[in-house]
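Below: one structure, written as structure tokens.
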Amino acid sequence: MGRDKEDKTEMDSVVPWMRAPVDVSNVENCALDTLPCLNPKLKKALENMGISSLFPVQVAVWHETIGPGGFERDICVNSPTGSGKTLSYALPIVQLLASRPVRCLRALVVLPTRDLALQVKDVFDAIAPAVGLSVGSAVGQSSIAGEISQLIKTPKLDAGICYDPDDLSQNLESAVDILVATPGRLMDHINNTKGFTLEHLRYLVVDETDRLLREAYQSWLPTVLQLTQTSDDSLFPSFTPFVPSAFGSLQTVRRQSVERGFKGKPYPRLVKMVLSATLTQDPSKLIQLDLHHPLFMTTGGSRYRLPEKLECLRLICETGMKPVYLVALLKSWEGEKCIIFTSSVETTRRLCKLLNFFGDPKIKAKEYSGGLNQSLRSKELKAFRKGDIQVLVASDALTRGMDVKGVTNVINYDMPPFAKTFIHRAGRTARAGQAGRCFTLLSNHEVRRFSKLLEKVGSDSCPIYPIPPTSLDSIRATYTPALEKLKELVESEAPKKGRQAFRHNSRTGNSQTKLNKPRSEA
């Protein structure tokens, strides 16, 4: 009875348009040859990517944008990791912009992290040039001046003639049709870049929506909505965002029913697409998006859903034995790609060092976390994708959206704190219809909490994965010297306070590092 009441309360808090979703699981894959209205040039580009058919979520979105739906409603997608959400919005946007008369910024894709934004840009880069579209990025990978030179086209000047800079700014044009951006750098261009305008924007994609709505990110969303609001919209406002009084160089706002350069042409409304594997159902957050008759697409009836071919497994051990169990797993997967997730940047660094101190030539681990600079993260991720390294030890910087082909195993070295964290971590494997496994290392006191987490994500089965005791005994002998090397490294690098904290963790078994000796050896 209590459970029924809880479910009813949760249902009452859901916005009405989410109560009757389109179930994507009822849609079948569709071969490119039978996909209606697909531009032949885009078909060729997709085939060059090795794509011969579209996944269900991609087919469903296509029919609501290019097909009978005709983008009459804003699209909201809640679909498992690895189901193909990026191409589900990239393909129809590129198809619709292929016939654009002149180049100007018409599509904006916003993502929470630089790594994810660069990955999405790669998808657009693979298909947009086939129909003559240009794609830019504003993610902070290069200097602001370098980005401006790629985003803004300056007029050619006659030599020997002096020009007023204010006159030149009136003739600046966009050099891109599609922009992939992170919120911070987007706001930099809105406030400071001459010639950067959202006046002609037609499509706004908010990827990883729940994370982008969780933080303000310099009020990027209300700013974008205000700058793309027409005078017609303001007659019946449904959303009143906060916008700073001035936007630096960006003074243009969307004009009423007329597009600049095409006199008399009706100005279409701004179409929005919001996507996530764990889309929020909080009305107070969703209202910020100012959605137009939104259509909700989801896979099944649950907010959280794991990939269909994912196998969940768990290992229960003493906290101090976690590294031993971890190495035993890695030894049994020679040549298979694996991502290990930890709870913090510091644990990621120490665990990576510890694995390499074991001295096993079959285990070559690299770190991927927010503690590394962008160039080093990109380097390690590239090596992992190429297969030069098989083991990546990661913080939650890699949990959302990152797509690495061939990852067959994911290990939660530290138990995920939330159901959505588990969804995003596990989703690094079993992508694009492939099989994969997710292992979670648990201490005895975490078993009950993990069982509740599994209920939330709808996992019916997560059996214990057996490891032969003989395998553990052989690894235990090399664990102690490896741990001693790690302690020496930490003490040589860390300040006095850090050394004291590490000694304290080693004595008390603090779960922040979980890299202390087995109790039998303590």
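Backbone N, Cα and C atoms are what each Cβ position is placed from, and that goes for glycine too.
Copied over from Swiss-Prot:
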- SER79, PRO80, THR81, GLY82, SER83, GLY84, LYS85, THR86: ATP binding site (BINDING)
- 497-506: compositional bias 'Basic residues' (COMPBIAS)
- 66-297: domain 'Helicase ATP-binding' (DOMAIN)
- 325-475: domain 'Helicase C-terminal' (DOMAIN)
- 490-522: region 'Disordered' (REGION)
- 30-59: motif 'Q motif' (MOTIF)
- 207-210: motif 'DEAD box' (MOTIF)
Open item on the list: If I restrict to non-local contacts, at least six residues apart, and a C-beta distance under 8 angstroms, what lies near THR81 (ATP binding site) in its own chain?
Closed with: ALA277, PRO307, GLY401, ILE423, HIS424, ALA426, GLY427, ARG428, ARG431
Open item on the list: Could you give me three numbers for the motif 'Q motif' (30-59), the DSSP helix, strand and coil residue counts?
Closed with: 16 helix, 4 strand, 10 coil
Open item on the list: Cβ within 8 angstroms of the Cβ centroid of SER79, PRO80, THR81, GLY82, SER83, GLY84, LYS85, THR86: which residues besides those meet this for the ATP site?
Closed with: PHE55, VAL57, SER88, ALA277, GLY427, ARG431
Open item on the list: Taking the Cβ of each of the binding-site residues and counting other Cβ atoms inside 10 Å, which one has the highest number: SER79, SER83?
Closed with: SER79
Open item on the list: Which secondary structure state does DSSP assign to THR86 (ATP binding site), in the simple three-class scheme?
Closed with: helix
Open item on the list: Counting other Cβ atoms within 10 Å of each residue's Cβ, which of the binding-site residues PRO80, GLY82, GLY84 comes out lowest?
Closed with: GLY84
- [ ] Look at each of the binding-site residues, LYS85, THR86, and point out the one with the fewest other Cβ atoms around it within 10 Å.
- [x] THR86
